[in-house]
Amino acid sequence: MQHYGVNGYSLHAMNSLSAMYNLHQQAAQHAQHAPDYRPSVHALTLAERLADIILEARYGSQHRKQRRSRTAFTAQQLEALEKTFQKTHYPDVVMRERLAMCTNLPEARVQVWFKNRRAKFRKKQRSLQKEQLQRLKEAGTEGAQDEGKEEAPPVEAQAPPSPLDGRGLTSAPSCELNEEVNVTSPEQSGAESGAEDTTDREDEPLSIKDEIKEAGPPLMTDDSSPSYKPLSPKSDDPLVSPALPSSSGAVAQSNSYASSPLSLFRLQEQFRQHMAATNNLMHYPAFDVTAPSSLPYLGVNVNMASPLGSLPCQPYYQTLTQAQQMWSSPLLQGSGGLPALNSKTTSIENLRLRAKQHAASLGLDTLPN
């Protein structure tokens, strides 16, 4: 008969459990005195044996599950397996059998070891790839931060507005303009270059001024006209005389200066002062009502219609447009017959002849020679 103890366990099983417990205590004491002892392997074997005893006591010896003990590889076996793994990760059956004979291991254990070793290798490769990606991301963020720091100073340098904008706004005319003026556009540079050209051209006609002094008074045209040509053969056109009184008294003042060559010098000085004041206040060589322009004496640019849109006075601009309508047709017709303004073909006799013709059209019969 089988004797049952507490909780249905047999007395033999109870005695076996007590014996295994005592064996485990002895093994623990031996592990404390012997540092070379490996408790993990021995503890696993004790646990396996304890499990076998419990299963045998519970189900009997017929129903005991077959369990395989964990294989403990030696250093020589691991070295041989690692060398083979470095050569190939997937050894064939012949290579596995030879390796099993060399290491004194079953061929199934060698096959399982290679399977586990491949899994470990793949895991290590994934971890290395993650580390490389992390380093690349860190390097990319550092590079982006460095680029941002390098790009930051030019943005700050562009932030303050240019002082030219404020100066251009203050120098704009106060009255309503017929033409929009952009300070930063090439129109301003063209106007400034035009002003410099007029100042440079003041020195050019000095030799012509001497000839004009000998010939008599200069060719007087309407000083308010936007375009003029002193040497035009159409200057003695009878259509000129009706347009002269429409310049609001400016022609009368200019006729008073036309009596002697000394007045020509005064007009030259007055024109220089007028051009200097105009260039300082406005950025165009524009006309002004304060002083009559003496541009006809200098023989400068023929077409001065571009700065008319920036004149500060509207009634004066209307008189200019009227004069322009009167002067446009004869000037355009006469421009085709002359090669250039400063051509050397003009002589003193031609100048005297044209001066007399113009004086006759103005009503001045007696002129000093």
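Glycine residues also receive a Cβ, built from the backbone N, Cα and C atoms like all the rest.
It should be emphasised that the depicted structure is a prediction, and the values quoted were computed from it without experimental measurement.
The annotation DNA-binding region is assigned in Swiss-Prot to 66-125. Taking the DNA-binding region (66-125) as a whole, pLDDT averages 94 in the prediction.
Residues or ranges marked as compositional bias 'Basic and acidic residues' in Swiss-Prot: 128-152 (among others).
Residues or ranges marked as compositional bias 'Polar residues' by Swiss-Prot: 181-191 (among others).
Look at Swiss-Prot and you will find 194-203 tagged as compositional bias 'Acidic residues'.
The annotation compositional bias 'Basic and acidic residues' is assigned in Swiss-Prot to 204-214 (among others).
What Swiss-Prot lists as compositional bias 'Low complexity' is 222-233.
Summarising the annotation, Swiss-Prot assigns compositional bias 'Polar residues' to 244-253 (among others).
Residues annotated as region 'Disordered' in Swiss-Prot: 124-253.
Across the compositional bias 'Basic and acidic residues' (128-152), DSSP assigns 25 helix, 0 strand, 0 coil. For the DNA-binding region (66-125), the DSSP counts in helix, strand and coil order read 43 helix, 0 strand, 17 coil.
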